[in-house]
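Take a look at the structure set out below.
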Amino acid sequence: MNIKPEEITSIIKSQIEGYESKLETVDSGTIIEIGDGIARIYGLQNCMAGELLEFPNDVYGMALNLEQDNVGCVLLGSEEGIKEGDIVKSTGKVVEVPVGEEMLGRVVNALGQPIDGKGPIKAEDSKPVDIKATGVIDRQSVNQPLQTGIKAIDSMIPIGKGQRELIIGDRQTGKTAIAIDTILNQKGKDVICIYVAIGQKQSTVAHIVNTFEEMGAMDYSIVVAATASDSAPLQYLAPYSGVTIAENFMFKGKDVLIVYDDLSKHAVAYRTMSLLLRRPPGREAYPGDVFYLHSRLLERAAKLSQKLGGGSITALPIIETLAGDVAGYIPTNVISITDGQIFLESELFYAGQRPAVNSGISVSRVGGSAQIKAMKKLSGTLRLELAQYRELAAFAQFGSDLDKESKKRLEKGKRLTEMMKQPQYKPMPVEKQIMILYAVVNEYVMDIDVSKLSAFESGLFEYVDAHYRDLGKQILEKKELTDDISSQLTKAINEYKKIFLAEEQ
């Protein structure tokens, strides 16, 4: 084999001609102060707001304060082994979270990393966590119902797809229970659910995940968890990560339900971060932009126009009040951002009225237009009747003689209140809600003892399933109480009532 020297020289010459000298410059700075998960860095002249910064030991931080001669940064990991004088590099990127179908059925942290021990997630894409909400032109008004499976809510405080409905109440009044029941009720309805746990105990999150797995809800759900043991920056990021994952599905034309549990702890995490960054405190020591913190998050829930696929994000933020004080700073902020609120009362809860929804203060500002006609017709006077009942019940405590009409109202009110009770993890399909509502509202159950009403309810459903099999299907298809459906319902209720009363004797 002959090797010609000319060939070798020509190859070397072409290599030399094609050589490009590449110098990679990285903007870097020096840590001048570190502690409590906050670092101050000197240098980083070209740093962006919210930029991801690379620290030693593979730890990343997020630049939040851009000051004249230094950058205030929150660490998204442990500060162990990082000290003053260490070099910090800018990455030119902002915080992103993985998105896509692969996230379904997984439990992830605020950065979208799996924490359920089921291996890595091969996500199709990643998106920045903090982006601008969809504009007004790209939205349409709320027009489809999102059934929670809870009688008190679906009848009096209806929620539509694309709505933001606040769940507010003291601790231990069943706020999370309502959110979980709503997620369980989406089974088979082609709605993707995202549960964001902020500042909760790990045991609580584990219990919720177990419930989802037992009930088969994990197939269409994603859990984003920033627990009490996580740092304030991760608790701050969690809801934004959750809604970014949700937006990816929404822009593909899908319906998403997202629960933020809860935004009170989110505001506290942001306050912690802001005070450590030495931002000036305002009312209750919260920073001045705490309203914007929640408004930019909740404005990302929307019902997209048909041109963009008609997808939606329905948000259920949760706020914890102290001793029923809805006039606090964070509660009033979130009430003014959302499209209505479900107010839970501890007095009702301890009196055995569960879910403990106070229908007098609770309201849904846009859900009424999404409610199905049958439910709208039945629940039209419900709120008023319950309010009148409460007023009468308070008056009747004084033992004064009541006229016949007032006694009748009291008896009907008792049955309406009893009918609204519902066990946890037992969401009810809308057609069954309509059946029992029809029976109580039209006074077919006045001769049934209040304590026997729940037994009558479950018996009625069994009777209808056995003898009027198509009735539920007809209600779902027609979505209104036609004369035919009404007469069938009346017949079924009266037939079963005879059997029920005969058995009771």
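Using N, Cα and C of the backbone, Cβ positions are placed for all residues, glycine too.
According to DSSP, Lys175 (ATP binding site) sits within a helical segment. The ATP binding site annotation in Swiss-Prot covers Gly169, Asp170, Arg171, Gln172, Thr173, Gly174, Lys175, Thr176.
For Ser362 (site 'Required for activity'), the same-chain residues that are 6 or more apart in sequence and have a Cβ closer than 8 Å to its Cβ are Met156, Ile157, Gly340, Gln341, Ile342, Phe343. In the three-state DSSP assignment, the secondary structure recorded for Ser362 (site 'Required for activity') is coil. Look at Swiss-Prot and you will find Ser362 tagged as site 'Required for activity'.
Excluding the listed site residues Gly169, Asp170, Arg171, Gln172, Thr173, Gly174, Lys175, Thr176, the same chain places Glu320, Leu344, Ser346, Phe349, Ala356 with Cβ atoms within 8 Å of the centre of the ATP site Cβ atoms. Sparsest Cβ environment among the binding-site residues Gln172, Thr173, Thr176 (other Cβ atoms counted within 10 Å): Gln172.
Around Gly174 (ATP binding site), the C-beta neighbours below 8 angstroms that are at least 6 residues distant in the chain are Leu344, Phe349, Arg354, Pro355, Ala356, Gln424. The secondary structure of Gly169 (ATP binding site), as reduced to three states from DSSP, is extended strand.
Of all Cβ atoms in the protein chains displayed, 26 besides its own lie within 10 Å of the Cβ of Lys175 (ATP binding site). When the binding-site residues Gly169, Asp170, Arg171 are scored by other C-beta atoms within 10 Å, Gly169 scores highest.
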